[in-house]
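Undergrad: Below you will find the structure I want to go over with you.
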Amino acid sequence: MVAEVSPKLAASPMKKPFGFRGKMGKWCCCCFPCCRGSGKNNMGAWRDHDDSAFTEPRYHVRREDLGKLHRAAWWGEVPRADLIVMLRGPGINKRDKKKRTALHLACANGNSEVVSLLLDRQCQLHVFDSKKRTALIKAVQCQEDECALMLLQHGTDPNLPDMYGNTALHYAVYNEDKLMAKTLLLYGADIESKNKGGLTPLLLAVHGQKQRMVKFLIKKKANLNALDRFGRTALILAVRCGSASIVSLLLQQNIDVFSQDVFGQTAEDYAVSSHHSIICQLLSDYKENQMPNNSSGNSNPEQDLKLTSEEEPQRLKGSENSQHEKVTQEPDINKDCDREVEEEMQKHGSNNVGLSENLTDGAAAGNGDGGLVPQRKSRKHENQQFPNTEIEEYHRPEKKSNEKNKVKSQIHSVDNLDDITWPSEIASEDYDLLFSNYETFTLLIEQLKMDFNDSASLSKIQDAVISEEHLLELKNSHYEQLTVEVEQMENMVHVLQK
């Protein structure tokens, strides 16, 4: 004769088998390709970090080991009125043989009604079970999002680690529960917390080849250069696991490809030793694209200076062509100045030094007019060539040396015109070269003035762009928070409709 079995008791273990349920089917020791031994180096890669913390997330429960309140929290068999009576006693935070409270059991099994009653009675939130896990960690580990949200809303700390160093965020990332991970971050979860293997949530996602979570954490500004206990970056872990898609994703973030682990190996070294040809090609292409930037950063300053000096005449020539219309529309004083220079050259064909002194003196005196043209002290009509005070200088040979020193000191005081030099042998140069230097001097000052105005405008534009970007970031953050709240409300409505 077959013994009768209570249908209620028989259904419970079948409904939620320990360690496995419909949505928890991925909790097994072969959840990663590297655990299944695909690839030459993958098995060793996963053995670097213990996977036991993530296996069998649900509690093993025997009915005879639980008290009345713990049974009600786990199975939810007790009517609400009786449960309220139980919660009036002093044993609301009582633990069973494995240090589990009623809150642990209710969260692990998704009994949100019991969790709500326990929270209303102000039960302790930060009690640890035998594996130093809080009720929040159990709720996240078992993917009971509604219970986890209630705990967070009542002030549960999301950064308390278990005996493996994993926080609630580590388990959300392992479960690929993007909504739960986003909720934890909104409630202050540390995105850079490390477990005992030195894995941050991002490194854990890379190690598990969870590309969706890797993208999410990169978007949340996770540190791409974080190191595990072996000094390995996210890129090295992705290479060791043979995930070309994650390697490509990380390379798009301009990650350091030359970082070495404690064994002195780089990502490329592991790719070569594991014969991952696709990854080798990705790394090679990335380094080739980065090479121009590195070579320009390590170039010789003397060579750069030489190239600049060689390119200066071409730059000035191009500037002269591009600004031809502007130069032709200058005020009449510029035309007078050019006419005066030509006439002076004809009158004083034998005195090079005097003309050079007048030109430089006039250029130095032009600071008040933006540095474009020399200033004149007196002008009676257009055909007047130079002021009387300047013409008299040509009849005073004993003052030439003093005037030369004055001109040199004025030239050296112009900080932005270092490219224009006046040699001491200028007295022996011909008038054509001197006149060419004068035109170059005038064009360069005009170019510098225009560059200064462009820089001011550019600065204003950049400030406006930065302000808009900051405003956009604030709007995106607010939108994400509203999205999470809407999804949570939809989940709660769905639960209430059942």
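The chain as shown is numbered from 1 upward.
Glycine is treated like the rest: Cβ placed from N, Cα and C.
Okay, these came from Swiss-Prot:
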- 469-497: coiled coil (COILED)
- 290-302: compositional bias 'Polar residues' (COMPBIAS)
- 303-338: compositional bias 'Basic and acidic residues' (COMPBIAS)
- 348-359: compositional bias 'Polar residues' (COMPBIAS)
- 392-406: compositional bias 'Basic and acidic residues' (COMPBIAS)
- 289-410: region 'Disordered' (REGION)
- 98-127: repeat 'ANK 1' (REPEAT)
- 131-160: repeat 'ANK 2' (REPEAT)
- 164-193: repeat 'ANK 3' (REPEAT)
- 197-226: repeat 'ANK 4' (REPEAT)
Undergrad: Can you check how the pLDDT averages out over the repeat 'ANK 1' (98-127)?
TA: 90
Undergrad: With a Cβ cut-off under 8 Å, give me the same-chain residues at least six positions beyond the ends of the repeat 'ANK 3' (164-193) that come close to it.
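TA: That would be 26, 50, 53-54, 57, 131, 134, 136-137, 140-141, 143, 145, 148-149, 152, 158, 199-202, 204-205, 208, 210, 212-213, 216-217, 220-223, 226, 480-481, 484, 487-488.
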Undergrad: Quick one: DSSP breakdown of the repeat 'ANK 4' (197-226) into helix, strand and coil?
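TA: Final tally across the stretch: 16 helix, 0 strand, 14 coil.
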Undergrad: Count the residues of the repeat 'ANK 2' (131-160) that DSSP assigns to helix (H, G, I), to strand (E, B) and to coil, and report the three numbers in that order.
TA: 16 helix, 0 strand, 14 coil
Undergrad: Just to be sure I understand, if DSSP states are collapsed into helix, strand and coil, how many residues of the repeat 'ANK 1' (98-127) fall in each?
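TA: Reading the DSSP string over the repeat 'ANK 1' (98-127) gives 17 helix, 0 strand, 13 coil.
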Undergrad: By DSSP, what is the split of the repeat 'ANK 3' (164-193) into helix, strand and coil residues?
TA: 16 helix, 0 strand, 14 coil
